[in-house]
Amino acid sequence: MTEAKRPREDSRPADGVKRQKSIAEFFGSKQTNLKKAANSEKKYSDADAETGTAAGQQDAKLKNMDDITKSPKTKLVEKLTAEQKRLLALEIDTLDDAWFEKLKEEFQKPYFLKLKEFVTAEQVQCTVFPPPQDIYSWSRLTPFDKVRVVVIGQDPYHNYNQAHGLAFSVRNPTPAPPSLRNIYKELRENNYADFQADNKVGDLSHWAKQGVLLLNTSLTVRAHNANSHSKHGWEQFTKRVVQTLIHDRRQTKKPLVFLLWGSNAMNLVQNILGTPPSNILVLKSVHPSPLSASRGFFGNQHFRKINDWLYDHNDYMIDWSVVEGAQLSEVEKKNLVLDV
């Protein structure tokens, strides 16, 4: 028996007539679809904008981080003209970073650029001491925060294989000049009996590495022509070095000793320092030159006074030895028990 067929479902209304959409319904439906599309586009547009803003913020953040991490040298170089970069190449390449940071404002001043023009021209026309790479060796051997003693000299030695950027010091194997021999004599006879006074040794780098800043007031000189680079701007620059140190130590209270031998050194520091605070010691005498040493340099006991004062301020003593492998026994013993 054949199963009866189910009546087909029809979407037509009960009257059997298919009703058309009205104009309002037709356009209303279309507008609804358009709104949906517009909302969808806005959603994606807003998302893109947010993404773009976030990316922009990230780029700005990275740029700020890049600016923060740039060294003072890099920041200065970016501001220099091509000519200034040429004149300041030595400062950029050889000056210790900490010193550079402290002195950076000097480098673009007219007096310093004029000084560098003079020194650069001199280096082309004649022999200048010390060699370029040694002019700022004092800054690398004695970084700013490590300075504990300052010895002020005049201008560099002006013969070959002598000057290497440290006052009173000569490069090996040059023997000690007369003033340095008198320094050795004073150390041996009136300060430390076990000091080995070897006049064949003249390099004081060992002192510099312990925090003794050996600073000439003029940093270059023409060969065989003493004081030839004086009064061209170096004095103003090294005055700024001293001012910067004094200002910092007044703030930090770290111990600092000035060893002033001769009227030039005295006038430089005293005019800046005035009345020294308790954490700054000033010792003065005539210059150790053979022309004046007998009039007050011998017997001043400056080296022992410095060490006693540093020790009283809970700071390490200076081992004034110059011979390789030598040590001052008293200094070694006291430094071992010092609670720093």
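Note that Cβ sites are derived from N, Cα and C of the backbone, with glycine treated the same way.
What TrEMBL records for 1-21 (among others) is region 'Disordered'.
Residues annotated as compositional bias 'Basic and acidic residues' in TrEMBL: 1-18.
According to TrEMBL, the region 'Disordered' annotation covers 34-67 (among others).
Look at TrEMBL and you will find 140-310 tagged as domain 'Uracil-DNA glycosylase-like'.
Neighbour list (Asp155 (active site, proton acceptor), Cβ cut-off 8 Å, at least 6 residues apart, same chain): Asn216, Thr217, Ser218, Thr220, Val221, Ala226, Asn227, His229, Ser230. The DSSP secondary structure for Asp155 (active site, proton acceptor) is coil. As annotated by TrEMBL, active site, proton acceptor applies to Asp155.
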Per-residue pLDDT averaged over the domain 'Uracil-DNA glycosylase-like' (140-310), given as an integer: 98
